[in-house]
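Shown next, in structure tokens, is the structure this report addresses.
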């Protein structure tokens, strides 16, 4: 690969949203748009933006101007490069939403792993309007689940008719707490800055911790930055909250958590397909499974129009809880009255109010999804089949050793954090077509994929999958990955060991390239040399030694790292104020090691590191994860140093 001088921006989050190739192209476009006074004005942006990838063909210059006019009125004001980048990201999200809702028959919209608007900031539209009904529902959810929180209880309940939700989100505490409700123990709350009044630095730390932790549970936050949250921008805050709540509500909609779901399929081959479905699709399949038994002859294919008349809800509730519900609502002709009866029936199952009668009649997608998920959680109506070959096959497919499971999780979340079009729900199933891997390769190594030779899902012909995967392997070899005797068919067959090995090399390559680009920039035009694992190890030891600490590691397999002390000293060395040493233990007992490990992960995320490891990876000294953690800290440190040099 060619080496180039890296372009740096002052906001670490903004830096991560673009590859260096993208930044160079955008910077060239930005500079070429300067007027006679040598500046780029706000008024020039509409014509510039409609020429850029992701916006061209989706939005007109008038529509771009319409978006910009929401926040600005002085068209002569100067726009700096970072503001230019932020506007570009915002408009890309708007254009993406426009395409999703207007392109009929598009292959990607038919088969996107990110198949519902719930997973994205669904409230993003041309005018950034938000759904008051969604806001009310999410506020109710927050009031319910965080009512007993010792820090937040004095601010709750939030008034859903006001903008108090967005005001409360500005210090980051609420969002961090909500992430822990969705996926317990994601954030070590000792790392959250919690006090009555936070200074700007502390607020920024909380939001950095929030966004990096949101990525670590599967949220898509490509178009959200810390400044957006600090300002409490309603459409972005609500979009993030909707994703967090969705993850909480759909946590059990998978074969691992609910093995009874195997009843939804007929044979072992279909078990594989079920494992590869996103939770939303599984919910629809579950719903249709029960509806079919009631004699309902329609197929529910969405959480909107297919549920408006309420008939599917009436029949579903009667199927899963016949002793608590009836079909009397079907005799009611008024849709709103029928919807009201449905909600009353659901409350007998202890379902929380995620919808109003109006939401059902209007076909509110996000809220209907939440409502169906609640019904599933409280009464799925499935039973475990004894001595079933499907059960045995499903158990075999899902039985992984702990390290394999953790690595699958790490690579899946990493892929989803990159902002590619596809969304990965089950790593080993979703990569088998090769398409997702090609998207990742194109993201981390721009223009390395020959898209003319690639086939986009759904792919019916097996040899097309092999062709995709062969190209993946070919690119891997060009990047000097170790792929001896590995072919595309190994990926198609779902060989877990080889898939993990390939993804580890791809993640490692990405990290080393980021570090190399920083070094090239520091060399001010020099080519810089390749970064090695040894360079990262030496950097870490030198940092700790210069800070006056005594810890030192011999390799990324060094067992003393299991105590966590070395990483805490490293984090303190790169940013002295980030570690509260009164919370640190010596790491001598298993309990103390875990306390240190959870604290390390949250402190690193709070600093700005995007990492996906678990406390167990530190305690057990997982060599791969030790390297990624150290490299992430090194990247943050060198990036800050480079920015400070630029600004000096």
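Yeah, the Cβs are placed from backbone N, Cα and C, and that goes for glycine too.
For reference, TrEMBL has these:
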- 132-249: domain 'Calponin-homology (CH)' (DOMAIN)
- 277-380: domain 'Calponin-homology (CH)' (DOMAIN)
- 405-511: domain 'Calponin-homology (CH)' (DOMAIN)
- 530-638: domain 'Calponin-homology (CH)' (DOMAIN)
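Simply put, out of 132-249, 277-380, 405-511, 132-249 has the most Cβ pairs sitting under 8 Å from the domain 'Calponin-homology (CH)' (530-638). Helix, strand and coil counts under DSSP for the domain 'Calponin-homology (CH)' (530-638) come to 71 helix, 0 strand, 38 coil. Across the domain 'Calponin-homology (CH)' (132-249), DSSP assigns 74 helix, 0 strand, 44 coil.
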